[in-house]
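The transmembrane segment feature in TrEMBL is assigned to 72-93, 121-145, 157-178. The feature domain 'FAD-binding FR-type' is assigned by TrEMBL to 258-372.
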Amino acid sequence: MGVALKSWRANEGPKHLILLGLCISRASASVLNFNCSLVLLPMCRSLLTFLRGSQRVTGRRVRRLLDKSKTFHVVCGVAICVFSVVHVSAHLVNMVSFSVRYSEDFPALNVAQYRGQDPRILIISTVAGVTGVLLVLVLFLMFTASSSCIRVSSYEIFWYTHNLFIVFYVVLMVHAAGGALKYQSNVEAHPPGCVHNNLTSLTNHRVAGEKGAEFPNAPPTVCQEEARFQPHFPQTWLWVSAPLCLYCAERLYRFIRSSTSPVTIVSVVSHPCDVVELRMLKSGFKPRPGQYILLNCPSVSSFENHPFTLTTCPTEKNETFGIHLRVLGDWTLRFSQLLLQQSNSSEILPVMQQRRYPTVHVDGPFGSPSEEVLNYEVSLCVAGGIGVTPFACVLQALFDDWHQYKLRRLYFVWVCRDLQSFYWFADLLCGLHERLWRDNRPDYLNVQLYLSNTQGLQSISEERYRFLSSRLRIGRPKWKLLFQEIGRANQLKRVGVFCCGPKGISKALHTLCNSNPHSGTAFEYNKESFS
């Protein structure tokens, strides 16, 4: 913007319609080109997953930056919206200036055809104007549908409007080729301020007078030819073509990968609090603990893909993988009805006797911050309700063979409103606890369960869940005291803090990690976030 202002002053803008609005619109357009090229890169999930999984390519700090891909995408989107407002406002001023300050000496430079022409006509009669209106409309739909309230209440609206990015980029490249702004192509033959015989005598006297005031002894310069103007060469495609091709190629690769590899639903289990467990089988599917997938069910919607964290990964003994989904919204409601409509929801059948379940497509797996849980010596995992799913797969991996991982102590905190929610993974927690006791590592796992609903006396009464009953507390965790306890027990160590839950819990943990009250213990915050 500063360069644009200097250019406006150097070129004596008010004299030849090189107005300040034109400079601002050009500068904001450059910012928009830059952000439109960057906003697609964080959505290349397969590329980011490859980088996260390459220990030789990226270290822990770089992988933590990759985990901020969604935040980077949001920042670029907000920048596009802000500078779009600046760009549109500048061009609205330009349309009025073209009409009011119409110059008969340079008709080719004017967008207006005559002085006083309605600026609204200029907008709807030019390619840049029509495409600009369409871009503003598409951007408005994408921005408003990206709000958290719409994404939570109606994910379908967010999904369909966000896929308008294809229309946005096509119209954007047409908009840049509209040629509304022009530059002089024969400055040497027609320098600014020269006198031409074909111009009106009034204009010649005015130009000569202005030049004589600035340079008293300089003779008037005679123009060798008429001034010629031509549109600026469109540069938008130079910015967006490479990221757009990369993203489209990745989307094509993911579509082929998810469509060609069949997925077999092995079992469906209904859990308390409207949670459904889905076990599936897919050849060549090798995810890592903590990763997530995108699930598509054509019987519900052919285009919608919803992210779900893997709660079980394939192993040498069991090749199935699983997810836990909570019925919340139209898509999950219809999908759960298709899964449970003709069966006893608690029954698990072998593969050879399985029922006719709906067809599903699995895209992924994709990387997430939860993969780093096993790469710390000490980790703190905090889950809120169904947010336990990213850590369930980690617990399952530890249950299979905890010796092969770097992790040597795990603090697991789970906060739920309903007591029945703890039964989702009660068997897994108790099984892991018993195994660690058999391996003489009772201090490996520290489990704390919190029931936030304090109405009525509630407890886990089953004998087989005695371990969980002893770890159950009523109320909410005292995070500062918990960090002090972990800090005293792990001096001079780096503790990985992972959270998947409400914003209040996430904000409190992030603040404590940044404050670092224990100088001998470093806490690194990692937040689970689907992109």
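Using N, Cα and C of the backbone, Cβ positions are placed for all residues, glycine too.
Same-chain residues lying 6+ beyond the ends of the transmembrane segment (121-145) with a Cβ under 8 Å from its Cβ atoms: 77, 80-81, 84, 88, 91, 95, 98-99, 111-112, 151, 157-158, 161-162, 164-165, 167-168, 171-172, 174-175, 177-180. The residues of the domain 'FAD-binding FR-type' (258-372), classed with DSSP into helix (H, G, I), strand (E, B) and coil, number 21 helix, 39 strand, 55 coil. Long-range contacts of the transmembrane segment (72-93) within the same chain: residues 19, 21-22, 24-25, 28-29, 31-32, 35-36, 38-39, 42-43, 119, 132, 135-136, 139, 142-143, 146, 531, each at least 6 residues beyond the stretch ends and with a Cβ under 8 Å from a Cβ of the stretch. Taking the domain 'FAD-binding FR-type' (258-372) as a whole, pLDDT averages 84 in the prediction.
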